[in-house]
Amino acid sequence: MNRYNSLIGLLILFFSCNFCFSQSSEELWLSYSQPLNNKLKETYTSKIKHIQIKTFSETGEIIKTELQMLATKMLDTSISFTSTTPQIIIAKIDNLDSKFKQKINSQSLVNNESFIIQTITVHQKDLLIITGKTDISLLYGTYCFIKQLQLHKDISSISITDSPKIQLRILNHWDNLDGTVERGYAGFSIWDWHLLPGFKKEIYYEYARANASIGINGTVLNNVNSNAYILTSPYLQKVKTLADIFRPYGIKVYLTARFSAPIELGKLPTADPLNEEVIQWWKSKISEIYKEIPDFGGFLIKANSEGQPGPNTYGRSHVEGANMLATLLEPYQGVVMWRAFVYSEQQSEDRAKQAFNEFAPFDGAFKENVLVQVKNGPIDFQPREPYHPLFGAMPKTSLMMEFQITQEYLGQGSHLVFLPKLYEEVLSTDTYAKGKGSTIAKIIDGELYQDHRITGMAGVANIGTETNWTGHPFAQANWYGFGRQAWDPTTSAESIAKEWLSMTFTTDSLFIQQMTPLLINSREAVVNYMTPLGLHHIMNAEHHYGPGPWIANMSRPDWNSIYYHRADSLGLGFDRTQTGSNALEQYPKEIQEQFSNIHTIPEAYLLWFYHVPWDFKMKNGHTLWYTMAWYYQQGVNEVKNMQQTWEHMQPYVNNDIYQDTRMLLEIQYSEAQWWRNACLLYFQQFAKMPLPEFIPEIPHTLDYYKALKFPYAPGIHPSWN
Ligand code: GCV
């Protein structure tokens, strides 16, 4: 019995047992356990009984395992994998019989990951073909086919052709070698460095399976605040084990490389990227890596930011640093993902301007295998930011998107926030870079600048050792959604919500109808109760959880909340127009025109760009103060609505998830009030206006909120109302 046959048995046993006790969310969206009516069960069963898989690779075995799991768990049946009279053939296009091939439009297989699922008629009988150019495309096609069953779609005359629009679809783990996860809210790192390379934990296979099912094809295993030890030979053996596990799932491994590794590991006196010995050190390290991992993806680098070493340390530029590594990786088809999140040691006049100032002048200077990885906004993963002005400003550079899936600033492990809505907002934003309609999606998927050799999207992972992977059960949706939008950045948040809910819980239309708006509205809710109207970075600056608009004592002014909100007796907000830092100047003229008038700027960005008088008349006819209070209250009300909706969801989900989510929503409601109360009391000192009548009486003083300590002991989570 080969490894995969025994794996099939083990996985089925494992999943079935979990299911006997309670529906474990370890299976994520691949539990295949949603209720299914008998008629559909019979229809599906009759159509997938006999399948021929014409590939004998490890990936072929994974496809077989997955289909068998589907049959066992969803249909209470088993599949015979046969070459005689199959109902489904899964084969690479070159291995299809020519009589089948001629019925397939193979031209639409535009790249090595594209697939076609098509029903053809042969001798008056239906035959379903899943095909593509590579084994991985067959795996993607299989997951897509399985999804149709999970969504209870009619598969009788199925015809789907799909290709990823973005080449590198990558998770960034901020996992440290000691097992902790920076900004991780789901336990510890799933990489057990102490037990690797010997122990191949089942979780590694589960991780690969989940990622492959949503098209993620790369993973950066370690934190961007990097430890050079990951590049030592013993660690590379560990990395190799993971790479070997992930390869048949189409997932490449990448590492963050500490720029000063030649000093730390190579004992050189410098890490100057133009120094010959340094270059030789990297050359031999890269050769060592590729000997072990021939398809190693490349390096992700955080340089000269938040204390990380980088080329500037040696008087060299980002380009010199990135290109040195890129030159050495080029013979192996490796890439460098060079982060534009530069947060320098010296405080700048406006932190929001720094990345643009440092990177835009280098447009066209990076080598072809360098991607500049840019966070979605110019500050740092806030609930809402205007888009990063580098998008559209570097037409001769491959820019890669960096989203955060882990909820560092959005309630961490306890708030339900559906992030695909945030991603959608960013991806659909018009940069006007090549006229109207130049969306960010078109920049990062290469549509706008076709000569870009590589396209990419990264998501900072929210995965950890918690049994449900992500801490908050609904945070799974953010991992899922990231994968879907990395595959196709025009995928709507609503369609993702529906898919994820259906695949994870049930396709019941009442459930979907009620839960889809809950997910969709959850993002606006968090903006409203934390940072409405363009406020930003007013959280507690130490752990980034809970409100802290009063924070003024961090070691640097641009870590302080007061630096960002600038509340005073005149008004609120950071003037980034011509009269202030003029960060607005970094945006295209169409945006400048709209945003440089306080009456035409979208109110969602008002306080990001303007210092606005408290009594400024907003579009609703009320003052800024009144309107801001209204948004805070609106955020609280939205969470109450979420709670009320959830109350009715018990029949659709298992009791553990129901109770856990109920409790988490209670915490979220309580903390939405905490944000509202603390921020309003703090800002009221400057506004000197009464709280509007719709704000319930606040039972505590500002000093009470300032003195609160986080985290709270379990069971004594305070109520703020
Ligand atoms: C990995 C923010 C986070 C840091 C993170 C940094 C980055 O500052 O708070 O934890 O470091 O972004 O993206 O590099």
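From the backbone N, Cα and C atoms, a Cβ is placed for every residue, glycine too.
The active site, proton donor annotation in TrEMBL covers GLU306. Look at TrEMBL and you will find ASP380, GLU408 tagged as active site, proton acceptor. The domain 'Alpha glucuronidase N-terminal' annotation in TrEMBL covers 28-143. Under the heading domain 'Glycosyl hydrolase family 67 catalytic', TrEMBL lists 149-469. Taken from TrEMBL, the feature domain 'Glycosyl hydrolase family 67 C-terminal' applies to 470-693. What TrEMBL records for 1-22 is signal peptide.
DSSP places the residues of the domain 'Alpha glucuronidase N-terminal' (28-143) in helix, strand and coil in these numbers: 50 helix, 27 strand, 39 coil. Distance noted between the C-alpha atoms of GLU306 (active site, proton donor) and ASP380 (active site, proton acceptor) is 12 Å.
If you take the Cα of GLU408 (active site, proton acceptor) and the Cα of ASP380 (active site, proton acceptor), they are about 10 angstrom apart, rounded to a whole number. Neighbour counts were taken as the number of other C-beta atoms within 10 angstroms of each residue's C-beta; across the active-site residues GLU306, ASP380, GLU408, the minimum falls on GLU306. In the three-state DSSP classification, GLU306 (active site, proton donor) falls within coil.
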